């Protein structure tokens, strides 16, 4: 049995069959249950695609807060017969899951000589699988020194969903020249500015700016507002695990009362601790140790400290776990690993119980129940983040440097 499940062909076949099964189960549940299997976001995506198919803006659909590219990808869901084409996006997202798994296998082979939650969310219509492909492909491209390809993926990923910009500092720091000590500040700056770093910066910015200019020329200010500006001041307080949840609820309730007297809104500055950790401190501390480990820690910190934290966001860091767990304290110390998993699940369960009381039973549980549940989940995640950072910080960097130099030699033509 171990040899059977060590075969990538078997694993990917089982993963594909599981997704096919979930797709058909979802169709059954949608038709026979009051609680739908299809994610509400998928309905938003497909509605936006219908507007685009009619030559209109996707932002005519309320709550569509994504790049128009996503709605373009799902144009086939508007084709007839609807019963056949409606699930096109779910199939696309499920295929993206499988591609992500294949890319993870490539990264594992480069960096170190069936995730059921992803399957469930992708077959419900969550688009996170597409982003997973971009992020893991970005990681693979950087590790193998395919700099142009990596730069294109970085620009595309940030356009598609803002958060991958946090990986830019880690990539820049990772692409270091040989560490030659120098006492001169000028020499240090000159050593920092390398051709690879300049190329990543320029190409990714050009791709990002080019896509934005293109979308703005088509959809105007509504594109900028719904795709970017909305996320700075958003005050979503439903399905939100963040300890900011209760503050967002109170903020939403008082917006119409004293908006003029509130000055700077806290939801506009709540991202500062998040950005300090995920875009500065963690890259500086970990990127030269392990780029996959740094990206995991960055993403975990970004999601944990985000003012809006939903279960779909967990996929952003879960995709990195196969690259981290084999060398982690959670595996070398099973008691720690099992304990962390139990605490992570139980803290979510406590929050979900409070959320069910609020949203389905109509009971006001914002204070103290929901807030305490959010705080408990936040504390558990901070503890887990500390272990991840500690683990990656202890990993030896010598083997990684050898791997980088080997990759640089093999892929000189990509420069």
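Even glycines carry a Cβ here, placed using N, Cα and C.
According to TrEMBL, the feature transmembrane segment maps to 9-28 (among others).
Annotation comment: TrEMBL describes 83-108 (among others) as transmembrane segment.
Taken from TrEMBL, the feature transmembrane segment covers 129-156 (among others).
The feature transmembrane segment is assigned by TrEMBL to 200-219 (among others).
Counting same-chain residues at least six beyond the ends of the transmembrane segment (269-287), those with a Cβ under 8 angstroms from any Cβ of the stretch are 165-166, 168-171, 173-174, 232, 244, 293-294, 297-299, 301-302, 305-307, 389, 392-393. The transmembrane segment annotation in TrEMBL covers 269-287 (among others).
The feature transmembrane segment is assigned by TrEMBL to 299-323 (among others).
Residues or ranges marked as transmembrane segment in TrEMBL: 335-353 (among others). Here the transmembrane segment (335-353) has Cβ contacts under 8 Å with residues 241, 328-329, 370, 373-374, 376-377, 380-381, 383-384, 387 of the same chain, all six or more residues outside its ends.
Using a Cβ-Cβ cut-off under 8 Å and counting only residues 6 or more beyond its ends in the same chain, the transmembrane segment (365-389) has close neighbours at 240-246, 249, 282, 285-286, 293, 296-297, 300-301, 303-304, 324, 328-330, 336, 340, 343-344, 347-348, 350-351, 353-355, 357-358. Summarising the annotation, TrEMBL assigns transmembrane segment to 365-389 (among others).
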Same-chain residues at least 6 beyond the ends of the transmembrane segment (83-108) whose Cβ lies under 8 Å from its Cβ atoms: 8, 11-12, 15-16, 19, 23, 26-27, 38, 42, 45-46, 73-74, 76-77, 114-115, 118-119, 122-130, 132-133, 136-137, 139-140, 143, 292, 319, 322-323
